[in-house]
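Quick look at what TrEMBL lists:
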| type | residues | note |
| --- | --- | --- |
| ACT_SITE | Lys182 | active site, proton acceptor |
| ACT_SITE | Glu189 | active site, proton donor |
| BINDING | Gly9, Leu10, Ala11, Val12, Met13, Gly14, Asn32, Arg33, Ser34, Val74, Lys75, Ala76, Asn102 | NADP(+) binding site |
| BINDING | Asn102, Ser128, Gly129, Gly130, His185, Asn186, Tyr190, Lys260, Arg287, Arg444, His450 | substrate binding site |
| DOMAIN | 178-466 | domain '6-phosphogluconate dehydrogenase C-terminal' |
Amino acid sequence: MSAHIGVTGLAVMGANLARNLARNGFTVALHNRSVGKTDTLLEKHGHEGDFVRTESLEELVNSLEKPRRVLIMVKAGKPVDSVIEQLEPLLEAGDIIIDAGNSHYEDTRRREAALAKKDLHFVGVGVSGGEEGALNGPSIMPGGSKESYEALGPLLEKISAKVDGEPCCAWVGTDGAGHFVKMVHNGIEYADMQVIGEAFDLLRSGAGIEPAEQSKIFTEWNKGELSSFLIEISAEVLGHVDAKTGKPFVDVVVDAAGQKGTGRWTVISALELGSPVSGIAESVFARALSSQADQRKLGQELLAGEEAAVEIPETFVEDVRQALYASKLVSYAQGLDMLTSAAKEYNWDLKLDEIASLWRAGCIIRAELLKDITKAYAADEKPANLLFAPAFTKAIADALPAWRRVVATAVQLGIPVPVFSSSLAYYDGLRRKRVAAALIQGQRDLFGAHTYGRVDAEGTFHTLWGEDKSEIEAVDTH
Ligand code: NAP
């Protein structure tokens with residue numbers, strides 16, 4: 001029996017993707033470096049569909065129909081290169097290697113270019129949704145050549161999450177585009193989680209609302225415009241009671257957030273692209289600061305708070321909800337704007353409506369909001385920024401008074417809200433007619449003759465600061 005697809009790397013993610021493929025009627029050839037994982041999968045789940053057991057990559061490749069599709073789901077980094085190296089001599093022109101792990105998009109670009117020279121397709125696929133998604137329907141963001149998608153797309157679409165019967169899987173762009181889009185998805189996820197965390201801290205430390213009560217508030221919020229997987233699970237976590245102590249679960253968890261690196265990758269890439277993803281960056285830094293246990297301990301002893309006595313208004317819970325919504329919108333706007341910058345840099349034809357639609361189900365940031373974002377970018381006139389789409393311009397304007405009140409209150413109470421406040425600063429930075437950059441240009445021209453533009457004339461200018469301070473036209477030295 002020829003298998004439709006081979007999966008190598010059968011730890012939790014690879015095993016679940018293989019089972020998802022088999023449950024959807026595809027014959028799946030299985031391989032793992034150590035054969036134990038293959039046998040465990042077959043023992044526990046062999047009845048779920050048609051599997052072909054193989055013990056070597058050669059056997060795996062020989063069991064596949066052509067063009068061969070080999071999905072790699074091994075540890076990201078060097079192991080992926082090692083598996084590709086072993087597969088390459090076993091494959092023929094037109095065959096497809098798929099990397100569905102969390103690889104860096106630059107690695108994917110490198111691997112794609114190298115394999116294209118050998119007439120092999122290499123497809124970097126962003127997969128979101130964790131273990132559960134991999135098994136029951138993830139959000140899938142494939143890159144690679146359009147041609148390879150013809151042979152691969154139908155399988156991936158079949159196993160992906162669905163919204164009203166539509167698959168949350170579509171070809172997003174060439175070479176590393178799939179992994180790039182997945183990376184930015186994770187960046188938005190960091191910001192989305194942080195804004196929810198900031199809302200929790202404000203309600204707890206500002207208004208004294210206990211976790212159990214907050215769980216009910218979050219459940220209510222989940223019925224409206226904030227409706228999303230992350231709000232839903234936050235309600236569940238907040239309502240959970242620690243069996244050992246009887247305390248709210250969140251009170252017994254160490255407040256040091258971990259990270260596996262995709263948020264950091266997003267920010268590094270944004271810095272290189274000059275893309276202002278301040279909310280995502282603040283959320284990565286907030287996790288880093290939370291984990292500086294020693295310094296935080298000293299900070300608690302040494303640093304003054306000087307918090308003001310602030311009266312918490314009756315509208316506080318609703319104000320926080322609106323501030324959360326506005327900050328979340330900014331995080332999405334920044335992430336999508338980063339995709340626009342990357343599309344220019346890497347020559348990708350990224351369709352933001354399609355990308356937003358891929359995130360509507362299956363992935364961690366799935367949210368009602370994504371339906372409206374999809375609509376905004378599907379319009380004939382694409383907004384230059386999500387916040388300029390009429391529906392969102394209005395939504396954020398409606399939330400603005402509450403957003404300002406909440407940030408001001410947080411500052412007075414000494415409660416850090418880095419994403420609430422940086423998102424508001426981004427919003428004001430976009431909106432204001434004049435920003436502080438004029439003085440910065442003056443400083444740069446004075447210390448480094450970096451030149452400046454004038455509001456009333458074309459061209460580039462330099463002031464002779466060390467001489468008579470007269471102005472000359474200058475060659476732009478940026
Ligand atoms: P993992 O722990 O990252 O990797 C373990 C697998 O890699 C095992 O099958 C292991 O084989 C294999 N492996 C490691 N080094 C190898 C090498 N040099 N040559 C061949 N095989 C090698 O597995 P995972 O947690 O299932 O994750 C797989 C991928 O999915 C990773 O890229 C991970 O970052 C990503 N991931 C994605 C999500 C998501 O939501 N999309 C969630 C979690 C993980 P042995 O059994 O022989 O050791």
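FYI, residue positions are counted from 1 along the chain as it appears here.
Including glycine, each Cβ sits where the backbone N, Cα and C put it.
Secondary structure at Lys75 (NADP(+) binding site), taken from DSSP and collapsed to helix, strand or coil, is coil. Around Asn32 (NADP(+) binding site), the same-chain residues at least 6 positions away in sequence with a Cβ under 8 Å from its Cβ are Thr8, Gly9, Leu10, Ala11, Gly14, Thr38. The candidate set comprises the binding-site residues Ser34, Asn102. Of these, Asn102 has the most other Cβ atoms within 10 Å. Taking the C-alpha positions, the distance from Tyr190 (substrate binding site) to Asn102 (NADP(+) binding site) comes to 16 Å.
Candidate binding-site residues: Asn32, Ser34, His185, His450. Those with a Cβ under 6 Å from ligand 1, in sequence order, are Asn32, Ser34. The maximal spread of the NADP(+) binding site, taken as the longest Cα to Cα distance among Gly9, Leu10, Ala11, Val12, Met13, Gly14, Asn32, Arg33, Ser34, Val74, Lys75, Ala76, Asn102, is 21 Å. For Gly129 (substrate binding site), the Cβ neighbour count at a 10 Å cut-off comes to 23, with all displayed protein chains included. Counting only the Cα atoms, the space from Lys182 (active site, proton acceptor) to Ser34 (NADP(+) binding site) is about 29 angstrom.
The Cα of His450 (substrate binding site) lies closest to that of Asn102, out of the binding-site residues Ser34, Lys75, Asn102.
Maximum C-alpha to C-alpha distance over the listed substrate-binding residues Asn102, Ser128, Gly129, Gly130, His185, Asn186, Tyr190, Lys260, Arg287, Arg444, His450 is 48 Å. On the 0 to 100 pLDDT scale, the domain '6-phosphogluconate dehydrogenase C-terminal' (178-466) averages 97 in the predicted structure.
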